[in-house]
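Since the structure comes first, as structure tokens, the remarks are kept for the end.
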Amino acid sequence: MFVSFSMLREAYDDYHRHLHDSKENHTYVQRLKFSSTKSSSGLLGSLTKKKLSLNRPKSEQIFSSGDLNNGCLSWEIVYWKELSVGDIVKVKDKEFIPADLILLKTDNCDGICYIETANLDGETNLKQKQALPVTNDFLVDDVKLMHLKTQIHAESPNGNLYHFEGYLEMGERYPLTASQLLLRGSTLANSGYIIGVATYTGEETKIRMNANEEIRYKSPMVDQTTNKIILAIFCSVLTLAAISTVNMVAWNVSDPWYLRETKNPVTTFFSFVILYNTLIPISLYVTLEMVKLVQIYFINHDLMMYCEASGRCAEANTSSLNEDLGQVQYLFTDKTGTLTENIMIFRKMSSLGLSFSLIDDPKSTLYSEKDFPAKNFIEDIKKLSMEDLSVNFELGVDFLRAIALCHDCSLQKSTEENTLAYQSSSPDEVALVSGAKQLGFTFKSRIVDSVTVEFEGEVGEFKILNILEFSSKRKRMSVIYRFPDGKIILICKGADSVIIDRLDAVFRKQGQSKELFTTSLEHVSRFATEGLRTMLYATKEISETDYEVWSTKYKEAAVSLENRSQLMEALEDEIENDLNFLGATAIEDKLQFQVPETIEKLQRAGIKVWMLTGDKRETAINIGYSCELIKEYSELILFKSCNKEELNTCINNATQTLLDLKTPEQQGILSHPSKHVVAIVDGDSFLVMQQEYIKVVEDVGKSNSSVNKGLLEETLLSKFFRLAVTCSNVICCRFSPSQKSFVVSNVKNMLKKSPDGVIGLYSTPRSFLYSVINVFKMRKVSGVTLAIGDGANDIPMLESAHVGVGITGREGLAASRTSDYAIAQFRFLQPLLFVHGRYSYQRVALFTLGTFYKSVTCYMCQLFFQNWAAWSGTSLFEPWTLSVYNILFSSLPVLVVGMFEKDLNISTLLNVPELYRSGQVNHYYNIPLFIRWVCQGLIHAAIAVIVPFYCYNGGLAYILNGTFLSNRSFGSANNFLQQIFFSDATGKFSESSLISIGTVSYTLVILLVTMKISFLESHNWTIFTFLAAFFSIGGWWLFQAIYSIVWPYLGEFGYDSLGLIFVLGDIQIQIWSISILGSILGLVLIDLNFNVIRDLWVSPWHYVKTDLQRESLKTLLSGNESPKSPYILDDSENENNKKTPLTFLNCSKAARAVCKAWKGEDLTYAAAWFARWESIHNIGPLSPFGLKKKSATIQHHETGNQSCLTKTQD
């Protein structure tokens, strides 16, 4: 039944996908059609057109000419699905591209068109595409299409949206790149029309190949425990079957006369396996999927995660990882666009050894008196050059010209007159070109092979020879121009770590150039310290001979279908050398709203935050201070050497420092550094460690020796990761996308390999036996990693982490569509993790435990009943009634708690992030907790069988006859009690059959399961809770009434249930009395007493399973603080409501009062109290050591079943 529900849901989704696909496939497009005779334009053609006109737009005939051998061309209207490879199509403005097309011609004489790819990557800015000049110039009109003779060689279909390799043969070979490829699903914009040839169609288009790529399956960490539990249950089923078989054999030793034949033990064993196999809840995963669908509905419709600026809500791309959001231990974040707004503003620059600023406001944090105003940059350097001959005016002009030329910006149509609007896929370039315009160099236009720039009223046209595009691997971009004076000039811009290595060695060493370069680097360092993104510009002149040789090689590499990228990169490296330094720019990218507050709460929640960025170290450190990753009291560990020996020494020293800061491990509390330690590593240093590690891995793989495998643990990389995961936070700067992914994968693997999930320098070495035992043991910590980013370069990192969160920012939707969850801003991590993550984890935990419990309660009745059935394997319950137990009578209570359970208010979870730590330590779902639920299920199953057997059928009367129930014992109530306990099955209807007694037990099971799950274990009683209880219990009686009357007449299987409802109705006093008695025994005397005893005997400190300094906190709360302590508790029990110093006794009372309001829930909130006090009192791992204590007042408010903490600064 549950599988059928799942199949129907999938069929519903598939049907809607089919409708969407059908609508898209039946979109119209114009395809070129050639007819060899004129008949197609005669009567037959007329009839065809009339037929088409009923459903499609009319075809557009181009011409009919004798030059075409009496043939004709026309643009016929066809469906997208009718396109084939090689078809020539025409697409008009605002129309969608029907297939992957090679651009042949545009209505622009330059062969340029603009494409909007919002449907592909979410980017709304237009992208420029350009047809090859050879085809665009040849196709002066549509007639030329008949004379076009060309061959296109393309790579095999693949899903890479941003890369294409091929070439076009038309006399000679012309390279084809992504600039000539129009992807299906994109939209033609700001262009009249284009003509292209279909290269990939249908399922072979890049967007479809990308969607159909094999996706790495991610499973939640909770599933690991669930799988262990299911394996244990399966073993238990076999064990119980074996025990029952042994009991059957023992029972039959005396060879009872009333048994016709002795059963075969083997057959009996498998009969018991079938009888007990229902202990394994088959419906668990299907019903859990329904629960998670409701959870993602809450995520997708949460207004707290709605961004007004972008108009986007949170979006869950998967439902399988909801609970992992409540167990995150490590968070890896990108910087640009994730922590920052990705709105670039050109702020400062360095040129001629001087720093210039475009900031006029002295109140700005970036304002500095060291900077010259850049408003009149050209005039100022002209005056300086006249006063000081060492100032090279032409060099300053060349620098601004380089900014205006080295980019891939295009001009967008503006509604305002005489206004130029620039557009680019990178906001950096728009900021730089706009800044150059502000300083005097205006980028005016771009055509096929030239760029026009205006300076001081003069317009210069610069011919583009080659564009060496930017990539995250190259970290630079170059353009080779032929200047108006005929010189060939290469202009290069990029990261300082890349450009410096490519500068001319003589330039860096000679006097004046060396001084200018050194001063500029100091400016760059200062800009980075201020949190600005820096970029260096350099140039060189290339001789005609050198360029011709290089250009020939580059063209050959560009048309190669094998190793094209490698060949082109090698040639690009060859030409981008011996550069002359021009200057540096600095761009501001502000932090997003509430980023520091969010990171501070993440750290309070016990989440270690790693920032992985491509920016330089100084910029990353400055952003680290701004967003609270680095505190004023933090101890920094820098790794900035490319020498193995120096790195090894640095790692060893840092390791010893962390070992000295180790706090003792206590019961339930892991060791941690006693100070806030931040490790900072750059990409070059990490690359050295990577290369050494790869070499050792290769050597170990060749030798395959266990001794050599130990060498992996002694590599620099392994030692670095053990050190890094021990630190409070880590900053990785100058990291490439592959390095980001490598870092996330290694931390994830370390957590996976650790037997208990504890990693780092403070983890305790475990024996092999411990590892074996730990297979059936719960991990100390969850070990869940989360990565968050906004760009396509962050996709490898998002896929490597347990949970990937994409930001729907200004770099498009590439990351958000690949990620598991998408949010608009970094601050939305608070509700996503602290609210939805914690709720989902707790709900899934309670749902799973409740599912196991209800299975044990019902199906273990079969085990206890075998004592009365001679261990024959006879079922206590009627077959159909037993089959629908999980579907009709026990599914609603667990579904409701799985969907709507809520122990704390949202405001409490957001204000007290320490509560999040319960998920990190598996507080709500672990093996001991599962054992407790199973034990309660076994007790309730025993009650459901024993109470009816000893009460209902007179068994108790035999035991207590004449002793317990006498006329003197209860007086006038004696007849009523005797009717209950002394029933001997002699009513109006026969009530001594197996089905009737089984029905009584079944009723008791439903009552126990419903009341326990819906009311005792739930903290949030809603209308759905009562409806679930009503329909579960009431539905059972309704089913019984219909089933016992109707079903026996429809088939032969329900004969034993004939008239059973009348039997139960006639003995209603007995059955309800027994049910109530069983419920009281099962719930009140057992469950509630268990909770009371637990709360009385278990110390609140037992539940503080986070990184708290227990002894220090006890000392603080012991009452030894001075009376002037600022830490006070507003306790209503105090006389006259006076505020007194917080003591351990008062805190315990407060914690117990909170727990009492939540119906005896585990003292998790006490942990939040202690964690919060620790953080405020500056004694914990996240506390500011050595700083002055903050004065604060903590007030405890109780309203109904909700409690919260509020902090008021004095």
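Even glycines carry a Cβ here, placed using N, Cα and C.
Sequence-distant contacts (6 or more apart, same chain, Cβ under 8 Å) of Asp334 (active site, 4-aspartylphosphate intermediate) comprise Met611, Leu612, Thr613, Lys740, Ile788, Gly789, Asp790, Gly791, Asp794, Met797. Marked as active site, 4-aspartylphosphate intermediate by TrEMBL: Asp334.
Residues annotated as Mg(2+) binding site in TrEMBL: Asp334, Thr336, Asp790, Asp794.
The Cβ neighbour count for Gly614 (ATP binding site), using a 10 Å radius and every protein chain shown, is 24. According to TrEMBL, the ATP binding site annotation covers Asp334, Lys335, Thr336, Glu429, Phe470, Lys493, Arg533, Thr613, Gly614, Asp615, Arg734, Lys740, Asn793, Asp794.
TrEMBL lists 74-207 with the feature domain 'P-type ATPase A'.
What TrEMBL lists as domain 'P-type ATPase C-terminal' is 817-957 (among others).
Here TrEMBL flags 959-1097 (among others) as domain 'P-type ATPase C-terminal'.
Summarising the annotation, TrEMBL assigns transmembrane segment to 229-249 (among others).
Beyond the transmembrane segment (269-288), the same-chain residues lying 6 or more positions past its ends with a Cβ under 8 Å from any Cβ of the stretch are 2-3, 5-6, 226, 230, 233-234, 236-238, 240-242, 244-245, 844, 847-848, 851-852, 855-856, 858-860, 862-863, 873, 875, 882, 886-887, 891, 894-895, 898. The annotation transmembrane segment is assigned in TrEMBL to 269-288 (among others).
According to TrEMBL, the feature transmembrane segment maps to 844-865 (among others).
If you look up TrEMBL, you'll see 880-900 (among others) marked as transmembrane segment.
According to TrEMBL, the feature transmembrane segment maps to 938-960 (among others).
Taken from TrEMBL, the feature transmembrane segment covers 993-1011 (among others).
What TrEMBL records for 1023-1047 (among others) is transmembrane segment.
What TrEMBL lists as transmembrane segment is 1067-1086 (among others).
Scored by C-beta pairs under 8 angstroms, the transmembrane segment (1023-1047) has its highest count with 880-900, from the stretches 229-249, 844-865, 880-900. The separation of Thr336 (Mg(2+) binding site) from Gly614 (ATP binding site), Cα to Cα, is 9 Å. Least crowded of the binding-site residues (Thr336, Asn793), judged by neighbouring Cβ atoms within 10 Å of its own Cβ: Asn793. Separation of the C-alpha atoms of Thr336 (Mg(2+) binding site) and Arg533 (ATP binding site): 10 Å, rounded to the nearest whole number. Within 10 Å of the C-beta of Phe470 (ATP binding site) we count 19 further C-beta atoms, all protein chains included. Secondary structure by DSSP for the domain 'P-type ATPase C-terminal' (817-957): 105 helix, 3 strand, 33 coil.
Mapped onto DSSP classes, the domain 'P-type ATPase A' (74-207) shows 27 helix, 55 strand, 52 coil.
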